[in-house]
Amino acid sequence: MTIALGRIPKEENDLFDTMDDWLRRDRFVFVGWSGLLLFPCAYFALGGVFTGTTFVTSWYTHGVASSYLEGCNFLTAAVSTPANSLAHSLLLLWGPEAQGDFTRWCQLGGLWTFVALHGAFALIGFMLRQFELARSVQLRPYNAISFSGPIAVFVSVFLIYPLGQSGWFFAPSFGVAAIFRFILFFQGFHNWTLNPFHMMGVAGVLGAALLCAIHGATVENTLFEDGDGANTFRAFNPTQAEETYSMVTANRFWSQIFGVAFSNKRWLHFFMLFVPVTGLWMSAIGVVGLALNLRAYDFVSQEIRAAEDPEFETFYTKNILLNEGIRAWMAAQDQPHENLIFPEEVLPRGNAL
């Protein structure tokens, strides 16, 4: 018999294995490889928003006050886009515009590009986080795939649209009232509400809200009664082995209400995923079209008839006049450097005037 003395040589982990072990360790807040992208980018994006809305003026870019320091509140403060003259410059702090001067960089709108780019990568990092965790616990990746909808909307609105226009100036500023103004701009300059992709987006988002309400109410209505009494808050103590609610009862109820009903839970939940995500993707595609100045529906025959016949008017022709008014007012206000002057006689007037 042979006895070997000594230690078994330990395999040395390389740097990748060491990092992988630390990053994917089970802890209260999972980090993961995706966290290397998510956490720094989210930190910088949120920090940029808080810094900009607290201290930074938009006087040099838009001629408005936009910070708490200047008297704005939560709804009116914003991190505003750079001036139109800066076009698509990345506005790096060390670039030729700011030349390392932080105050100058803020005045030029550098915080907006900082927040927009870090925000986009933070959202992508969050989607990768869902992929990574799903793989770790052996789930399918539908959460991550669904989150591509909000990412598509953010990237199309904040990055692709202004890239198709003359500069970052025409993107939305990061603020509540600023976003509302951007929506009015979209309506006036692109007739966005009559765009079929916007219609599909509205149908998707509102349809998803309806499906969510119906589904939640139906599950609550058909909870199985058990020995402890059926109540909503047993959800926080999920010890039962059997089904939580009766799909058969729910199917019978909605069959009587509508004549048709979901009979398969997988199809039902896929449909609840499909409706909002498809709506968001359609909206994003529509905004990419607007970046290229593609037009919405035009009912030219109604416009011609309204111009010829003072007694003929439709809600469409009234909206077209409204859009002209928005353009006339917003162009002069938002682009003072263009010196746009509209004489009274060219401003839109309804047939009644």
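Glycine too: its Cβ is placed from the backbone N, Cα and C atoms.
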When Swiss-Prot marks a stretch as transmembrane segment, which of 41-61, 104-124, 314-334 is it?
41-61
Which stretch, out of 83-96, 153-166, 181-194, 251-264, is listed as transmembrane segment by Swiss-Prot?
153-166
Have a look at 19-39, 208-228 and point to the one annotated transmembrane segment in Swiss-Prot.
208-228
Where, among 41-61, 125-141, 208-228, 279-295, do we find the most CB pairs under 8 A to the transmembrane segment (153-166)?
279-295
His215 (plastoquinone binding site): which of the binding-site residues Gln130, Asn143, His198 is the nearest Cα neighbour?
Asn143
For Phe262 (plastoquinone binding site), list the number of other Cβ atoms lying within 10 Å of its Cβ atom.
18
With a Cβ cut-off under 8 Å, give me the same-chain residues at least six positions beyond the ends of the transmembrane segment (125-141) that come close to it.
24, 30, 32-35, 37-39, 41-42, 147-148, 151
Whole-number Å value for how far Asn143 (pheophytin a binding site) lies from His118 (chlorophyll a ChlzD2 binding site) (Cα to Cα):
22
According to DSSP, which kind of secondary structure is His118 (chlorophyll a ChlzD2 binding site) found in, if we only use helix, strand and coil?
helix
